[in-house]
Amino acid sequence: MAFKVGRDKYEPAAVSEQGDKKGKKGKKDRDMDELKKEVSMDDHKLSLDELHRKYGTDLSRGLTSARAAEILARDGPNALTPPPTTPEWIKFCRQLFGGFSMLLWIGAILCFLAYSIQAATEEEPQNDNLYLGVVLSAVVIITGCFSYYQEAKSSKIMESFKNMVPQQALVIRNGEKMSINAEEVVVGDLVEVKGGDRIPADLRIISANGCKVDNSSLTGESEPQTRSPDFTNENPLETRNIAFFSTNCVEGTARGIVVYTGDRTVMGRIATLASGLEGGQTPIAAEIEHFIHIITGVAVFLGVSFFILSLILEYTWLEAVIFLIGIIVANVPEGLLATVTVCLTLTAKRMARKNCLVKNLEAVETLGSTSTICSDKTGTLTQNRMTVAHMWFDNQIHEAGTTENQSGVSFDKTSATWLALSRIAGLCNRAVFQANQENLPILKRAVAGDASESALLKCIELCCGSVKEMRERYAKIVEIPFNSTNKYQLSIHKNPNTSEPRHLLVMKGAPERILDRCSSILLHGKEQPLDEELKDAFQNAYLELGGLGERVLGFCHLFLPDEQFPEGFQFDTDDVNFPIDNLCFVGLISMIDPPRAAVPDAVGKCRSAGIKVIMVTGDHPITAKAIAKGVGIISEGNETVEDIAARLNIPVSQVNPRDAKACVVHGSDLKDMTSEQLDDILKYHTEIVFARTSPQQKLIIVEGCQRQGAIVAVTGDGVNDSPALKKADIGVAMGIAGSDVSKQAADMILLDDNFASIVTGVEEGRLIFDNLKKSIAYTLTSNIPEITPFLIFIIANIPLPLGTVTILCIDLGTDMVPAISLAYEQAESDIMKRQPRNPKTDKLVNERLISTAYGQIGMIQALGGFFTYFVILAENGFLPLHLLGLRVDWDDRWINDVEDSYGQQWTYEQRKIVEFTCHTAFFVSIVVVQWADLVICKTRRNSVFQQGMKNKILIFGLFEETALAAFLSYCPGMGVALRMYPLKPTWWFCAFPYSLLIFVYDEVRKLIIRRRPGGWVEKETYY
């Protein structure tokens, strides 16, 4: 990867493999650090002779075909190595054995273990544990397939983004031009590019003619950059004589020598940097892991306690082991895995409808816990198309609308000066609308030409009608295209107005250069001499527009006198035979890539949600700061150090940096900063703009934010954003303007490229976190009425009140739909007004949730179930005290004369029917108390009466679980299949008082929380 390999020293021997295969990880880290460094190359400093010596290329004939073939064999094809993709089967296994699924697998294995112990020791073992094991395995496999399918669907959409067009490149070999596949281009090749081509490799330009390239995907500059053979800057990314792989040539032609191909290009290094970064664990995965620890802890603690207890109570070892396994399995919430998966999927679908495509389900929640967003400027915060913002004519600044439909244009369009200015802007302009777009709105039409000229073309077309007709009336005779030495563009046209001279010369260019060529100025349609006062007015206007971060162009014209330039005069542009001085200055037009309409509002929402928005851009500081102020990243009244210095009229060095809330950091300063200095900036400034940053620096900024403990979202569209996208906790790429590399690296894609969609994402993410809490609280509560019957069965030696099969009916049957319905619950308060959650303290499942679900609501539910159990047995003659210690006889199939409290004798078959009826009734009681639990889980702080019952899915869930319970109880044949028996209608009502008690208890608890915020009740029970 070392960059300064002089190619003259590049003997094949130097390409030996790494000698030592040891320390592979260390090497990888070293490579990553190497990639994070700035680009170092020296080809831009070499003279043409030195280039010829280094690459052995004839500068007019190119390489020989034989030499090219040799180099191709040595270096490999000129293509980026695709990032290593995870094989599908590994992705599938991750779904099957990741996190929560492991808990269920362990449960299933324990069940099979228990069953095999029973099968080995009993003559007619019960099949409950076998069923349970099979069901648990099935649950994991089905939910695994489901989430795998969800993610595979997103990656299918990803595949469709890949543009499979094989690129062609025009090379010169053996002195002949030939078009070859771009992958066959080799180092040392002589390549020609013209407007509209993609640059096939990193080129050192040796000759150019009006060549401009669009580097925005690499550096983030929205303006096309001039390319010429001149060495203009030490930094290879800034110099004019290097053109980069995969950027686009927008106009002109150039010829260059290939200096790097494939992965060794600047673009290739960035792509490699992105694919080599490991993304960390998502916040929701960490939460689920934390939750599993809690549940496992509770399960093992209960299991071991009762294992010891059952040994003390003189059960056999085998029985005690069966109990241990039973308790651990009873603690596993079987339905929860499916619930969480479905909730995340629903949110992902909801986000897709709002133009956010989520690539992996866990990223859905990450956006909700985001505390810092690092956003790219070009194309994300702005529209990525230059638009005319202001004009200066008649000695005053006029505003053009920069809204996306340009509705704000309200200046005097009848002024003679404006007519002259618009005429120059339309004629001295090579941009044209592409064919067949007459029925599209002007601003939506595609233009062939560079960004500034397109902006002028659209502006003039909007204000003055068809530019094409204007150009036909004023036919062009000759032109001098823009070049970097004289910094102007000029053309001479036939003038159709008979009252004026025949030829009109129009010129545009850098304002100070244009003004130097003028001796008069047009004011209100009259020419006046250009005096010092007007020059000052020009200077002030120029500075004001430049200070707004706008790109300013000057315009002037001259009517060529007929006596010197009669009709048919031969104008010569090489040996100029017409005046290019003493022209008449007409005005200035300034352009900017304006903010998207919805962005300021979105930034405001982020700020009120406690999210810090940082702008990270490759563009110039002045432009970056202007846009940051325009969209509210630097808010009204907040000053940078430079602003304070200017206001107090003191040097910048005397200002205390802590006084400035806002801060604009230049990439070159960032280069020399230590991590500590960067941390200081991130800590002490609330509003930050990083300008002129390289891709490597974007990555360093993200790492800096993460060191502060922030959860970072990064938005971007260029290749230059991809390393940062990959490193961030959640990378957000742009769907329309985004490059393939950035889409690969991101976790989420904004299909409409609109920054405002991120706010929607944050809102959905926060909502799903709240709703998952509610869902989990609901699901866990029924664990207590499921476990306690088993514990009492062991301790008090009573007939088993609730069987394994019935537990499954609750977890995978009646509780599923209600738990999922909580995902549709609306937010209780304004989610977007609170601070982001602290991942260290604000957990998905915390001790308070467990204590509320298990210790409070769950206990009331268990009481309801036992009450029903004792009522049914008492109605059948077994009073509660008589049941103590009855278990051994009750479960013995050879004893057929067990007596009840009234002396009646019961056979084994009869006893079991009563027991199974009790199981069914206990099950129904749990359903009844879960009604109340579902309703109270709708809110965590508000009263249910404030929240209302608008959630239709939840109401459906209530009816669905009741209907399912009734079906399981009364459907003929259930006695055989699930050992469920029909109940007397009165037995349904046993648990009603407990259901009501739960509702009242929780409403009172929430009332106290609302009345006494921060009090004891809130600290102990608010999850």
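Here the Cβ of each residue, glycine as well, is placed from N, Cα and C on the backbone.
The model shown is predicted, which means the values in this text are computed figures rather than measured ones.
Placement of THR265 and THR1021 with respect to the membrane, taken from Swiss-Prot, is on a common side.
Outside the topological domain 'Extracellular' (309-320), and at least 6 residues removed from its termini, the chain residues within Cβ reach (under 8 Å) are 117, 121, 794-795, 797. The two recorded residues, SER452 (phosphoserine) and SER668 (phosphoserine), show a Cα separation of 27 Å. If you compare Cα positions, LYS487 (ATP binding site) sits closest to SER228 out of the modified residues SER228, TYR542, SER675, SER943.
Under DSSP, ASP376 (active site, 4-aspartylphosphate intermediate) is assigned to coil, being neither helix nor strand in the three-state scheme. Within its own chain, the topological domain 'Cytoplasmic' (1007-1023) is flanked in space by residues 773, 777, 846, 848-849, 851-852, 856, 940-943, which lie at least six positions past its ends and keep a Cβ under 8 Å from the stretch. Mean per-residue pLDDT, taken over the topological domain 'Extracellular' (793-802), amounts to 86. In sequence order, the recorded positions near SER228 (phosphoserine) (Cα within 10 Å of its Cα) amount to none of ASP376, TYR542, SER668. Around the Cβ of SER943 (phosphoserine), a 10 Å sphere holds 13 further Cβ atoms from the protein chains shown. The Cβ of TYR542 (phosphotyrosine) lies under 8 Å from the Cβ of TRP392, PRO511, GLU512, VAL552, LEU588, each of these being in the same chain and 6 or more residues away along the sequence.
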